[in-house]
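Visitor: Please see the structure below; I have some questions.
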Ligand SMILES: *Cc1c(COP(=O)(O)O)cnc(C)c1O
């Protein structure tokens, strides 16, 4: 069974297709390594959130660090979404893709003064502020710009999202957000500063979350604070519950987005906060299952202890296995009828951590194309040029036709900014 999305299928003849297009053909036409995305799969994933939020004041802000290709941003902007950004560079991408800055929230623990000024000039909707010193800096930057910065405080609700330590962000020990017990004082401070206007509250408790309870716990903790802050006479307009909903890589069964949203709205209503604007910042769950990474098998190296299938994609193209020991499904794009063997699928980079999948079973020959599934999020976005490897090309399938949305990098371009000594 293929995890993730109904847009991906295997024909009875053994051909793996995305939106009906044979992936091996795309690999031949555009070369490998190659990211391929289904626009329809992205829009389907977004529609689940939109359905559940319809009829409520709301704003979905796609956490674009998951996949920031301009065509992806354009697709999501045209569907009425805003963006959650974490850098000035991401803001520049939103504008280049035709996104609306008044639907942008600016997150991140380390915003520089220059990034704050850039975002104020662009007219972003809200700064999600993560510390008291950031409040002070933002107020000063806004005053110097002759502007008032709309702020939400990112509160660390101290709930365990039950996910990998590197992608868990809502615990007391994490660097993110303002501790729950210090948040009221931080709101009072924000309200006293001349360059700020308090507009909301937010949290983001982690990534690849597969349970609803952490979200409901975090929402309860936020609403406790909203009530305390408003008793103090500081009005809070929106509640932003962050992103983090998981996807199926193997056999995970995360809640469907509309189910999760339904439960969150119920909880808001039950506590008398049904009138508030709800904001969400999904990243992975909008794009993760919509993409695959195609790679060509270069060599087979059978051995006693391990057999290696050496491919032309590597950790620089897809970091998740090396960085989080993430398990991602790997499928031959055309299945063979010969008996399967066990392989460690590895790349050419000079690191033992350079693997894409371990102990996988399939029949394969050099020249075959493999697909790493569910690679649409935190795939290309985290790619690097380690080993002076040009980054992969990206193709988006739009209305059944493949469109090249990023050219393959050229090696020359990688060192074009470098200087030889005199
Ligand atoms: C990364 C991030 C998100 C999105 O997380 P996903 O797991 O990709 O949904 C949302 N909000 C903030 C502040 C983030 O840093």
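Along the chain as shown, residues are numbered 1 onward.
Note: Cβ is positioned from N, Cα and C throughout, glycine not excepted.
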Visitor: TrEMBL has 244, 281, 282, 283, 284 binding pyridoxal 5'-phosphate. Which one of 187, 378, 386 is in the same site?
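Guide: According to TrEMBL, the candidate sharing the pyridoxal 5'-phosphate site with 244, 281, 282, 283, 284 is 378.
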Visitor: At a 10 A cut-off on CB-CB distances, which of the recorded positions 65, 284, 320 has the highest count?
Guide: 284
Visitor: Near residue 378 (pyridoxal 5'-phosphate binding site), which recorded positions out of 324, 350, 351 have their CA within 10 Å?
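Guide: Checking Cα-Cα distances against residue 378 (pyridoxal 5'-phosphate binding site), none of the recorded positions falls within 10 Å.
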Visitor: Taking the residues 284, 320, 324, 351, 378 listed for substrate, what is the greatest CA to CA distance in Å, to the nearest whole number?
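Guide: Of all Cα pairs among the recorded substrate binders, the widest measures 27 Å.
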Visitor: Just the number: how many Å between the Cα atoms of residue 244 (pyridoxal 5'-phosphate binding site) and residue 320 (substrate binding site)?
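Guide: Residue 320 (substrate binding site) has its Cα 16 Å from the Cα of residue 244 (pyridoxal 5'-phosphate binding site).
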Visitor: Non-local Cβ contacts of residue 350 (active site, proton donor) (under 8 Å, 6 or more apart, same chain)?
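Guide: Long-range Cβ contacts: 387.
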Visitor: Taking Cα atoms as reference points, rank the recorded positions 65, 281, 282 by distance from residue 324 (substrate binding site) and give the first.
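Guide: Closest candidate to residue 324 (substrate binding site), judged by Cα separation, is 65.
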